[in-house]
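Participant: Please read through the structure below; I'll follow up with questions.
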Amino acid sequence: MHAGAFINFVWALSLVSLLAAVPPSPSFSLKNLPSTACRLPPAVSEKRCRTPDGSICSGRGSCDCGICLCEVKEAGKYYGPLCECHDWVCHTYDGQVCAGHGQCDCGVCKCDVGWSGEACQYPTTCDLTRKKSNEMCKNSQAVICSNAGTCQCGRCKCENSDNSGLIYGKYCECDDTECFDDETQEICGGHGKCYCGNCYCEAGWHGDKCEFQCDITPWEIKKRCTSPDGKICSNRGTCVCGECTCHDVDPTGDWGDIHGDTCECDERNCKSVYDRYSDDFCSGHGQCNCGRCDCKDGWTGRKCEHPRACALSIEESKKKCQGSASQPCSGRGKCECGQCTCFPPGDSKVYGKNCECDDRQCEDLEGKICGEHGTCSCGRCICEAGWFGKLCQHERKCNMTEEESKSQCESDDGILCSGKGSCHCGKCICSPQEWYVSGEFCECDDRDCDKHDGLICTGNGICNCGNCECWEGWNGNACEIWLGSEYP
């Protein structure tokens with residue numbers, strides 16, 4: 001063996017022997033490694049995370065041993081030592097952060113060359129005449145800067161002498177001082193946020209200033225606010241004590257014409273180019289109905305942007321669509337140049353040259369067709385042998401005595417079928433001569449249901465004892481709002 005190699009071998013052998021002689025320490029384990037727990041007292045940790053206004057991590061994160069761990073939101077992110085910075089913090093003008101003429105740097109707009117102002121909305125040089133400048137500063141009522149600011153080179157500078165920033169908007173139309181609660185002196189009573197003078201309350205609070213606490217269960221609140229597509233307020237509003245408060249303004253400053261019991265209608269879909277200060281719906285050739293354009297005769301397209309060639313006059317077109325019905329397309333479709341497009345588009349349940357057949361009329365409230373005892377033909381049930389009734393819901397054979405049957409047909413007031421029908425095998429058969437009578441005991445009057453275009457529930461739902469139960473794709477008190485896909 002080489003001398004150098006022999007020396008290394010002897011050294012290694014000695015080291016192994018030395019380590020073997022050391023007794024194992026029973027106390028050595030990962031648990032005995034130095035602790036990573038915070039050594040700061042809780043008070044000191046919180047102090048390091050507290051902002052000058054007293055909030056922990058600006059209310060946008062959690063404090064971990066004196067260090068702020070900022071939350072990450074889908075619409076942007078919080079950052080900074082105290083989570084004080086956010087993509088939304090900077091001022092906006094005309095729907096754009098820093099007016100599109102600068103960069104947002106932790107709540108302050110850094111303006112490009114040639115622009116100034118808290119939102120970089122003012123050009124440093126102006127080549128407009130005073131008349132032209134004032135015209136550009138007028139709101140929809142022709143008032144310059146809503147009498148809440150001054151006009152500078154065609155742009156409004158809102159009066160905020162205390163630098164509160166509570167008056168803002170392209171035309172200084174927003175005044176958040178209206179959100180102050182006179183009693184608590186807090187914005188929205190401390191239970192909501194203010195956008196353009198309107199309070200948007202936190203869950204469990206409601207009122208103009210979020211001053212009232214809700215007294216119904218969370219389950220009932222959610223149920224009332226769930227939109228037809230299963231979302232809370234259609235993701236376009238806030239659920240407040242079972243009622244949807246639709247967002248008129250989103251966090252970027254953009255306005256939305258949003259309405260409906262569950263904020264299901266968004267009128268922005270009716271504008272070819274969205275401008276929150278414009279009323280140019282449906283290209284000027286139609287009416288916006290819950291975010292869908294109903295075009296005037298002679299126009300077509302999702303936003304009525306295309307002229308339609310038709311050789312028929314308006315009256316000739318309607319007459320051709322009406323046929324023998326009382327209304328064009330039987331009130332169940334759209335008439336275009338003498339041809340009916342039935343509601344809902346692509347649904348085979350409504351059909352016919354004039355949309356005269358509506359097989360939805362064969363469904364009961366549980367969705368069964370003709371009570372599963374018959375077939376539907378053009379909206380009328382053809383019952384199997386042994387069954388009868390409008391929806392084939394009555395069996396001809398009966399194993400009850402007459403007394404047993406009558407006892408089940410009496411309402412709480414002791415009257416048989418409310419005096420508006422006959423009793424068969426324990427069930428009321430409402431008088432066919434009085435078409436509007438319905439209900440388990442013939443106690444309901446379908447004439448109480450809301451109408452639209454002269455039709456109960458607009459023909460798009462079932463009247464259930466005074467309330468319209470709308471079919472899929474329809475909404476509104478009279479089922480007059482179509483929420484489904486656009487016409488082909």
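Backbone N, Cα and C atoms are what each Cβ position is placed from, and that goes for glycine too.
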Participant: Among CYS392, CYS398, CYS457, which cysteine is annotated in Swiss-Prot as forming a disulphide with CYS425?
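Facilitator: According to Swiss-Prot, the disulfide partner of CYS425 among CYS392, CYS398, CYS457 is CYS398.
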Participant: In Swiss-Prot's disulfide listing, CYS423 is paired with one of CYS409, CYS442. Which one?
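Facilitator: Record-based pairing for CYS423: CYS409.
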Participant: Between CYS282, CYS310, work out which one Swiss-Prot annotates as bonded to CYS293 by a disulfide.
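Facilitator: Out of the candidates CYS282, CYS310, the one Swiss-Prot links to CYS293 is CYS282.
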Participant: Could you identify, going by Swiss-Prot, the member of CYS98, CYS153, CYS156, CYS158 that forms a disulphide bond with CYS126?
Facilitator: CYS153
Participant: Fill in the CA-CA distance, CYS290 (disulfide bond) to CYS156 (disulfide bond), as an integer in Å.
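Facilitator: Between the Cα atoms of CYS290 (disulfide bond) and CYS156 (disulfide bond), the distance comes to 32 Å.
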Participant: Nearest by CA distance to CYS357 (disulfide bond): which of the disulfide-bonded residues is it, out of CYS244, CYS310, CYS321, CYS417, CYS425?
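Facilitator: Out of the listed candidates, the nearest Cα belongs to CYS321.
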Participant: Which value does the mean pLDDT take for the domain 'I-EGF 8' (357-393) in this predicted structure?
Facilitator: 86
Participant: Count, for each of the disulfide-bonded residues CYS156, CYS196, the other C-beta atoms lying within 10 angstroms of its own C-beta, and report the residue with the smallest count.
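Facilitator: Counting other Cβ atoms within 10 Å of each of the disulfide-bonded residues CYS156, CYS196 gives the minimum at CYS196.
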Participant: If you measure CYS337 (disulfide bond) to CYS265 (disulfide bond) at Cα, how many Å is it?
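Facilitator: Answer for this pair: 28 Å between alpha carbons.
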Participant: What same-chain residues lie close to the domain 'I-EGF 8' (357-393): Cβ under 8 Å, and 6 or more beyond its ends?
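Facilitator: Tertiary neighbours of the domain 'I-EGF 8' (357-393) are 330, 332, 348-351, 427, 429, 459, 462, 464, 469, 471.
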